[in-house]
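Let me begin by presenting the structure, written as structure tokens, before commenting on it.
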């Protein structure tokens, strides 16, 4: 490619500016003489930093080209496999597509949990670096850091309004944050070991937490007092999640079981024992999934007329299981991940399940046909957490590679 005289002149001036501003005086004077440049102040200003700017914009363009090539290849793939690119996909069937929209760095240790805000276009991430970070998922901008924990932050949870954020940590505490003023409202002490999971109950009055001390505790938001303790697990309790109306909570543990508890009485309603290793994660099925689950499992509607509730669990045995809690039965097992399953969630549309694992992938499951329909190589290291936005077409993932990635769905 041949440069015009004007382009050559511009390039020479930009090189001269670069040599001079970086202290290569000798090279600068020789180059200036050989290129026959007469540098004056006005020109100097015009060419200041130009070479670096060109250089970075070339890198940016290369990245964009690679992204577009990747999108084009995906479109070709869908076209040849007769995928739904011609007809418009129903948003209920949108799934995350590579490449990621943003790869965000800022955490200095593995990312442990990622969640979307229920109202605003922000997401929150927790990390082993003892911080919680807030990001705008639409622009990819970092907004702020919440500091207070003194050890790895293990889990975070919003109330339904998004005004309160709960966090828990290996420092054995639970913190409640005002998400409008971004200050810590109170700190709850009571667990005797690493607090691995936290969730604000649907009514917003209570918080549940799970710990390596083998217990689950319920706390009053207003006072910070512990009002209930659920005991029964024989090992570290990894995760606790309330169902939609807050009458039940599910928990999973290193004892390889999933338990479902009745909140009012503290009794264990079900103990589910089919996993063959530590159960890392659980997720309740939204009502939007009930009809697909019934089709998939052929389970007739119960006499009471209402199906479910259903629960997902993901384990270090590399499988995902779906359970019908009303009968305490495993309805299906999804096999495909090559390593520990770390996160599992229903697609808001109800037709798919998303999971992430230590095999560095996100997988999208068409569970009606019990098959993995898409695998995304998501991170450079274990994928620890994922969240699917309830209304906007975004998925967020966090990883041991210390990055957070935002994926657009279409």
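One is the number of the first residue shown, and numbering goes on along the chain from there.
Including glycine, each Cβ sits where the backbone N, Cα and C put it.
If you look up Swiss-Prot, you'll see 7-39 marked as domain 'LisH'. Residue counts for the domain 'LisH' (7-39) by DSSP state, with H, G and I taken as helix and E and B as strand, are 25 helix, 0 strand, 8 coil.
Long-range neighbours of the coiled coil (56-82) within the same chain, counting only residues 6 or more positions beyond its ends whose Cβ lies under 8 Å from a Cβ of the stretch, are 97-99. Among the features that Swiss-Prot reports, coiled coil is placed at 56-82.
Remote same-chain residues near the repeat 'WD 3' (190-229) are listed as 154-161, 164, 166-170, 172-174, 176, 235-242, 244-246, 249, 251, 253, 261, 263, 266 (criterion: CB distance under 8 Å, separation of at least six residues from the stretch ends). Among the features that Swiss-Prot reports, repeat 'WD 3' is placed at 190-229.
The feature repeat 'WD 5' is assigned by Swiss-Prot to 274-333. When averaged over the repeat 'WD 5' (274-333), pLDDT in the model lands at 90.
The DSSP breakdown of the repeat 'WD 6' (336-377) into helical (H, G, I), extended (E, B) and coil residues amounts to 3 helix, 24 strand, 15 coil. Under the heading repeat 'WD 6', Swiss-Prot lists 336-377.
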So which residues does the repeat 'WD 6' (336-377) touch in its own chain, when a touch means Cβ under 8 Å and the partner is 6 or more beyond its ends?
90-96, 98, 277-278, 280-283, 285-293, 295-296, 312-316, 318-320, 322, 383-391, 395, 397, 399, 407
Counts by DSSP class (helix H/G/I, strand E/B, coil) across the repeat 'WD 5' (274-333)
11 helix, 23 strand, 26 coil
